[in-house]
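According to TrEMBL:
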REGION    1-54  region 'Disordered'
DOMAIN    56-195  domain 'Heparan-alpha-glucosaminide N-acetyltransferase catalytic'
TRANSMEM  62-84  transmembrane segment
TRANSMEM  90-115  transmembrane segment
TRANSMEM  127-146  transmembrane segment
TRANSMEM  166-184  transmembrane segment
TRANSMEM  204-223  transmembrane segment
TRANSMEM  316-336  transmembrane segment
TRANSMEM  348-370  transmembrane segment
TRANSMEM  376-398  transmembrane segment
TRANSMEM  418-437  transmembrane segment
TRANSMEM  462-482  transmembrane segment
Amino acid sequence: MDATVVAIAGDGDDSVRRPLVSRSEEILPYADPPSPQRPPLDAGASQAEQQRKPQRVASLDVFRGFTVAMMILVDDAGGAWPGINHAPWFGVTVADFVMPAFLFIIGVSAALVFKKMPNKTAATKKAMVRAIKLFILGVILQGGYIHGRHKLTYGVDLDQIRWLGVLQRIAIGYFLAVISEIWLVNNNLVDSPVSFAKKYFMEWIMAMMITTLYVALVFGLYVPNWEFKVKISDPTFSTPISLVEMRTIHCGVRGSLGPPCNAVGLVDRVLLGENHLYKNPVYKRTKECSINSPDYGPLPPNAPDWCLAPFDPEGLLSTLMAAVTCFVGLHFGHVLIHCKNHSQRMLFWLLASTVLTIFAFLLLLLGMPFSKPLYTVSYMLLSAGVSGFLLLLLYYIVDVIHIKKPFILFQWMGMNALIVYVLVACELFPTLIQGFYWRSPENNLVDITESLLQAIFHSKQWGTLAFVLLEIVFWCLAAGFLHMKGVYLKL
């Protein structure tokens, strides 16, 4: 640990931290990159002094950009390639590591940013405003107002609006982690592993308290029988009409982790209401609910009623557990700040990632499965451990041995992660483009390009994959253009 680091003092103290990453070069949440025009080095400075100047941690940008690219790949190609889509309920696929990676890198970034805020009240206000903006943006983009591709309509019934989603989860996790970083970290000097642990001890306690609360509720809450509404079509009329039926799910259990009777769904139904939950949950792709499992498909004979029930994969209780991933990211950011050299950082990151992964599989052996919809503790540990290994690998390649050119596209995307996510992963840009068509709504640039690639490859799967990869490259280049022009979307 770096003995030369001076701790952040309270208001009125003249001492300031001198971190590895300077204010002008640090990686801010959602990519607040440096100005494209950097001030020149002092003419009289020696080469050694110039080399000692802090460098931007480019691997964080690459990590963030790679995560956004994977989001686009999973969301847009997952339908054609079920193997890279989310696991229907239990287990993990490549897609299930993407969202936790985003939460993880937010924690790393927050550790770099909020160490240099001596005014805790101002820092709290800044974090609160940013979280509120993210949450509202999430409600607008993912609450049902925008109907997505192939539907040139918009608008949402407030009685049916979905309150939670990916951006809302990011906002909540970010806010909890940052508030802990601002108020729970003491001003102790870090000069050893023991002093490092003492400095951030209360943050770890907070993360363990959140985990304990989650476990207590998931395994302690009694889930009674419950009802939900389902629309059915009545073919007996000359013009088929939709009727609403009430279906009953029989539970009366505690500690169930299955789709129909878990406490995660119970909390959302009670606090949010059935109408405000996600109507197309991933468990509709299970064998019980789809003849095309692991893809969506028609219901099999004698399918259980819960196959038609709503469930929010970004619900309240699972989001609470997801916030712990941000706390893990904070720890990795603290290591980046306090460790002297590359070897120390990579060693601590390797140890932390290994411990997280080992504990994940131990919990799996003890009966807690990996489940992204529930965001089980075992899943949180595994996804955080994998994120740590990925950061370690990218840090070594990009920042230690300085192989940066192959990753420049991801770096550009990472510097404009939020605008790319909003425009692409939330389908805002494709929806806008599809609004311009020739004679028929199907004759638009997006659908024609995808159909052309499918025809060239003589395969819907490979054509869709090629279209999505082309889409990712396009947005990497667009993000690079914005970076060169100094245009960044910040909240």
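One-based numbering along the chain as shown.
Placed from the backbone N, Cα and C atoms, the Cβ positions cover glycine too.
Across 348-370, 376-398, 462-482, the stretch most heavily in contact with the transmembrane segment (62-84), judged by Cβ pairs under 8 Å, is 462-482. Counted over residue pairs separated by six or more positions, the transmembrane segment (376-398) shares fewer than 3 Cβ pairs under 8 angstroms with the transmembrane segment (462-482), which leaves the two as not touching. Helix, strand and coil counts from DSSP across the domain 'Heparan-alpha-glucosaminide N-acetyltransferase catalytic' (56-195) read 87 helix, 2 strand, 51 coil. Panel annotation: around the transmembrane segment (348-370), residues 87, 90-92, 96, 257, 328, 331-332, 335, 339, 376-379, 381-382, 384-386, 388-389, 391-392, 395 of the same chain, lying at least six beyond its termini, place a Cβ under 8 Å from a Cβ of the stretch. Confidence annotation: the domain 'Heparan-alpha-glucosaminide N-acetyltransferase catalytic' (56-195) carries a mean pLDDT of 86 in the model.
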